[in-house]
Structure formats: structure tokens, C-alpha cells
């Protein structure tokens, strides 16, 4: 959703003798304005539906609640149209965004950039304006989150336009096993996620060969990589039937993989993401042509990552000052790498944990609370 920006106050008249603005300066001012406006527009994202999700409030579903879609921050015009048509889907779009954000923060919890969110509709701040491999991962995991949420909502009967999976019986399923049950509707989840998530990119028009057109292609590719990862990791789940658990009969269905498995797979793709550039035909090609071309499940990026060591308002980097680090680790979570060589401070803190747990018949576990003083380290 675009933010309104006042260009000129009513009291300013162009072309009057009292105006000190020359035509040349005016053109320059407009150029700056539209550049700024572009940044503001790009700052909005549907990811904001995953932050304190407003569409979970019951009052938005009252009859005639059409204003809901126009009031949701971050939606493009195409996404607002889909919102009007499928209002019952919006809660699960928000859940998918939230799932993606949480998984991003888990996967990057020990990295200099830890998927921190900011308090506005951009969700991740200005860092997403850079076509880096971190941006690539974020687009992929959020698109994957929507497929995950929509597929499960169909299975649970929460949506009026879909139900249980209609996936064909796998050819390698044993003949005496039944194919049925109520599986996650991954086909529907994939299709709707593609329609909704890609809508913003497909309605943007930029000159062929421009940086903006490269970002659109990058975003679309990574959205698809996230969706396909969910689709390809889905597997057959089965339940036994029979007397005393003999499992003489099995009923099987299609089931989503645990989303942590999706996050792990996308994190591996992040580590091997392909650097891309636009060719003369306006297509993305690899910077290093000696490598194999990325598949539809690989992540791609067009910009080098910014310096995440220090706070930088222009790139959106929050820096690592104040981040906890592991003194004994030689990995990215270690104080040497996390603190970028600046050193670290040590302090003591009290931790409380459950301990001495015992099982009582029947049927509960009772624990005591134990406290200990531990050393912690934070980057200078």
C-alpha cells in the first residue's frame, strides 16, 4: 500500500516571479521525489500480515467487511483484489508469513544478520532493498510459509474453495495399502501462494535491462524456489489398522514435511546461492558461466551482501553490537566472527531451568526449578 506524500504545499506557486526554483532545479527535485517515493513504496510488504496479524480478529469477518482489504498495509493492487475475492484466505496468508519470519530468525540466529524485524510494514527494513542472498532466502522462506499454511487450512476445512488433497496414488505404494485419508492439499496451496505472492512482482513494470527488472526476476525465481521446496518435500504418511495394532491394513495420504525441514533445505540453498546478472536479452544469467545454471529450486541473488558488522542506516544493517556470542565457538556464532574483531564484554546472569523431574502415576511429570549463575558474552 502506497504511503501518501505531499509534494508541494498549496501556498507554493510554480512559475511565479517570487519562486526561486528554476526549471532545472524543479526537474531535479522531481527526480529526487520519485526516487524517494519508489523507496517508500518498496518498503511495504505483504509480510507485514505476519506481524501481529490483524486478519485474525473476528470482527473483520462481519457482513460487508470489504474495507478490510484496503486497510491491510503492504498489499499491492493485485493482492487487494485477491483479498476481496478470498477474504477467508487472508488469515492463512498471515500465518504463512509469520511461519516464514520465525523460520528465517531460527536459521540465522547465529549469523551477523539474524533476520531482525523492524517496527513498520517493511518488516525487515531497508536491507531488503538490496538483492543479496539474505533477501533471496527471505523471499523463498516466506513464499514457502504461505504454501504450508494454505495447504493445511484446506485439509482442516477452514477454506470454502478447497478441501483434502486429491493427489494421485503414488505408483510405488504397496497394492494392499489404501490411498485415502485427508491429506494436505499442497496443489491448492502451491497455486494460491503463486497467485498471491507473485502478484506484486507481476504488476510492476520497469524498463528492460534495468536494475528493477532484474530484482523482479530475482524475486520471482526465489518465490518459486520456496514453493517448490515445500512441494517436493511433502511425503506419504500412513496409519495402521488392525486388531491389537497388527497393522494388517494401512491407510496413507500426502502430508507436508515439518517446516523446519523446509527451512533447513532453503538454508543449504542459501549457502550455495548463485550470483546472477542481466544479459542483453533481459534474462538473468550466472556471473560465473563455468558453474551449472541454477535450477528452479536454487536461490539466486544480484547484489553482494552489505557489511552486517556495523550499523548502517542506508543499507539497513543493524550491526552486531550487543549481540550474544559464544566464546568457545570457532563458527559464525563465535565471538571472534560475530563481533567482527571488535572484542566482547563479559557479564554474569542467573538462569532458571527445570530439573530433577519425576514421573508420577498417573500421569504427570513434576519438576523442581534450579538456578545457576552463568557467564555470557556480548559484542562491543
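Backbone N, Cα and C define each Cβ position, glycine as well.
Not measured: the values here are computed from a predicted model.
When secondary structure is read from DSSP and collapsed to three states, residue 115 (disulfide bond) falls in the coil class. Residues annotated as disulfide bond in Swiss-Prot, with similarity to another entry given as evidence: 104-115 (among others).
The Cβ of residue 162 (disulfide bond) has 21 neighbouring Cβ atoms from other residues within 10 Å, across all protein chains displayed. Secondary structure at residue 162 (disulfide bond), taken from DSSP and collapsed to helix, strand or coil, is coil. Feature annotation from Swiss-Prot assigns disulfide bond to 154-162 (among others).
Residue density at residue 164 (disulfide bond): 17 other Cβ atoms are found within 10 A of its Cβ, drawing on all protein chains shown. The disulfide bond annotation in Swiss-Prot covers 164-182 (among others).
As annotated by Swiss-Prot, disulfide bond applies to 238-252 (among others), with the evidence given as similarity to another entry. Under DSSP, residue 238 (disulfide bond) is assigned to a strand (E or B) in the three-state scheme.
For residue 240 (disulfide bond), applying a Cβ distance below 8 Å and a minimum sequence separation of six or more within one chain yields 246, 247, 249, 250. Here Swiss-Prot flags 240-247 (among others) as disulfide bond, drawing on similarity to another entry.
Residue environment of residue 340 (disulfide bond) contains 17 other Cβ atoms, counted within 10 Å of its Cβ in all protein chains. The disulfide bond feature in Swiss-Prot is assigned to 309-340 (among others).
With a 10 A radius on its CB, residue 325 (disulfide bond) counts 20 other CB atoms from all the protein chains. As annotated by Swiss-Prot, disulfide bond applies to 325-335 (among others), with the evidence given as similarity to another entry.
The disulfide bond annotation in Swiss-Prot covers 339-379 (among others), and the record cites similarity to another entry as its basis. Cβ neighbour count for residue 379 (disulfide bond) (all protein chains, 10 Å cutoff from its Cβ): 20.
Within 10 Å of the C-beta of residue 370 (disulfide bond) we count 11 further C-beta atoms, all protein chains included. Among the features that Swiss-Prot reports, disulfide bond is placed at 355-370 (among others), with the record citing similarity to another entry.
Cβ contacts within 10 Å of residue 367 (disulfide bond), excluding its own Cβ and spanning all protein chains shown: 11. The disulfide bond annotation in Swiss-Prot covers 357-367 (among others), and the record cites similarity to another entry as its basis.
Summarising the annotation, Swiss-Prot assigns disulfide bond to 362-363 (among others) and lists similarity to another entry as the type of evidence. The Cβ neighbour count for residue 362 (disulfide bond), using a 10 Å radius and every protein chain shown, is 5.
For 114 (among others), the entry in Swiss-Prot reads N-linked glycosylation site, with the evidence type sequence analysis.
The N-linked glycosylation site annotation in Swiss-Prot covers 120 (among others). Cβ neighbour count for residue 120 (N-linked glycosylation site): 15 (other Cβ atoms within 10 Å of its Cβ, all protein chains included).
Annotation source Swiss-Prot lists N-linked glycosylation site at 312 (among others). Within 10 Å of the C-beta of residue 312 (N-linked glycosylation site) we count 15 further C-beta atoms, all protein chains included.
Positions annotated as N-linked glycosylation site by Swiss-Prot, on the basis of sequence analysis: 326 (among others). The Cβ of residue 326 (N-linked glycosylation site) has 17 other Cβ atoms within 10 Å, all protein chains considered.
For 244, the entry in Swiss-Prot reads O-palmitoleoyl serine.
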Query raised in the report: Out of the recorded positions listed (114, 339, 355), which are within 10 Å of residue 309 (disulfide bond), Cα to Cα?
Result: 339
Query - Candidate nearest residue 362 (disulfide bond) in space, where candidates are the recorded positions 114, 120, 340 and distance is Cα-Cα - result: 114
Requested in this report: Using DSSP reduced to three states, classify residue 339 (disulfide bond) as helix, strand or coil.
Outcome: coil
Query raised in the report: Any idea what DSSP makes of residue 252 (disulfide bond), helix, strand or coil?
Result: strand
